[in-house]
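Enquirer: Take this structure, written in structure tokens, and hold onto it; I'll ask about it next.
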């Protein structure tokens, strides 16, 4: 048994060594933390490579684990203090172990370990301007998440009392379909709260308004990938998909119409994220997890481009992608979901999704018009914390420190732009099958 856990133990020992060396470096002025940051960024990728080597995979193929490791390493480049790097590594441990958790307790422990890192990071990464808002957002997230975790633990214990089993895949052998749908609905509510789907979305708007954008980049991408990966691996056989469709409709309607009159851009993108979550849940209901991960990948690329912007022309690309206009990849991702929604007979949901897409197109184009009607000297520094500032006020905030070096930002944004333009070559492939 110990032999099969050798890679996980090796990673945890490496993490402890990095912690000890980092603490020693903080006490010694002659030792720089640059090597600690470099090793910390390599740890997630080396762990995944070791995992594949240890499992004797002859073909090395990309998977959710590898994507989580790469995204974590990239996001770590935007953090400049040892405490944040350490918390990101601990969150990575929770993400990876949650992907492969097969029973109630391992899923609950890894989920709470991930949430604990978010609580601390939200309050830790504060500035003189936004410290009170960061702490407020962290406390609200903590209270709501604690309540949801309590509900999740209660229904896990209730399922154990009924079935005597804690494994997700074996629950269907002990429960009738009616009882299973009833209990899986409450577990699904807790899972969708962590994903930020409406009407369980209250923490999303507070977090988007109160934290720094490098942490916001992490929260809006990697946890969603790991949660959907867990859903795909272990939870899809126990969930009732009629309830998924209900949450999808809530997210589409509330995300699109609530974002229309938002005065602050961060609030607008918070509700836009809720709208995108509705599309992903619609993909689960109609097209399956292939379309879900396809659209989730496009969403992650657009988020990386959004939170590293330094030019309003690049913002136009992000807005057009999120709005779903051709020839960018966002159009083909949404079209694939709408196609499958029509083939399975979800015409009412499809009509609602199309109306919400038109509404989102209106406010995205309105924002582009505001940028291009403004003076050419206006930059996109408003994506730093703006508090309750309006769109026009937030445009004139003075530049602050960037989250990456300029060379890294240019390389990252260039890669995202190339992907958004050339991914349709691969995304359009499913339509060929229907021709």
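Note that Cβ sites are derived from N, Cα and C of the backbone, with glycine treated the same way.
TrEMBL: automatically predicted annotations, no manual curation.
According to TrEMBL, the domain 'NADH:quinone oxidoreductase/Mrp antiporter transmembrane' annotation covers 102-306. Annotation comment: TrEMBL describes 6-24, 36-53, 59-78, 85-102, 141-162, 182-203, 215-233, 239-260, 281-302, 314-332, 344-364, 410-432 as transmembrane segment.
Explain the structural surroundings of these features, please.
Expert: Long-range contacts of the transmembrane segment (59-78) within its own chain (CB-CB distance under 8 A, at least 6 residues past either end) are made by residues 37, 40-42, 44-45, 47-48, 51-52, 85, 88, 91-92, 95-96, 99, 214, 217-218, 221-222, 225-226, 229, 232, 293, 300, 304, 403-404, 408, 412.
Sequence-remote contacts of a segment are chain residues at least 6 beyond its ends whose Cβ falls under 8 Å from one of its Cβ atoms, and for the transmembrane segment (141-162) they are 104-105, 108, 111-112, 115, 118-119, 122, 171, 174-175, 179, 183, 186-187, 189-190, 193-194, 200, 202-203, 206-207.
Away from its own ends, the transmembrane segment (215-233) comes close to residues 64, 67-68, 71-72, 75, 78, 88, 91, 95-96, 98-101, 107, 114, 118, 121-122, 125, 191, 194-196, 207-208, 239, 273, 280, 284, 289, 292-293, 296, 300, 303-304, 307-308, 403 of its chain (Cβ-Cβ under 8 Å, at least six residues beyond either end).
Same-chain neighbours of the transmembrane segment (281-302): 64, 71, 192, 197, 221, 224-225, 228, 231-232, 236, 241, 244-245, 247-248, 251-252, 318, 321-322, 329-330, 333-334, 336-337, 339-341, 343-344, 346, 349, 353, 416, 419-420, 423, 427, counting only residues six or more beyond its ends whose CB sits under 8 Å from a CB of the stretch.
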Enquirer: Go through 6-24, 36-53, 85-102, 239-260, 344-364 and flag the stretch with the largest number of C-beta pairs under 8 Å relative to the transmembrane segment (182-203).
Expert: 239-260
Enquirer: Counting a contact as 3 or more Cβ pairs under 8 Å, with residues at least 6 apart in sequence, do the transmembrane segment (239-260) and the transmembrane segment (85-102) touch?
Expert: no
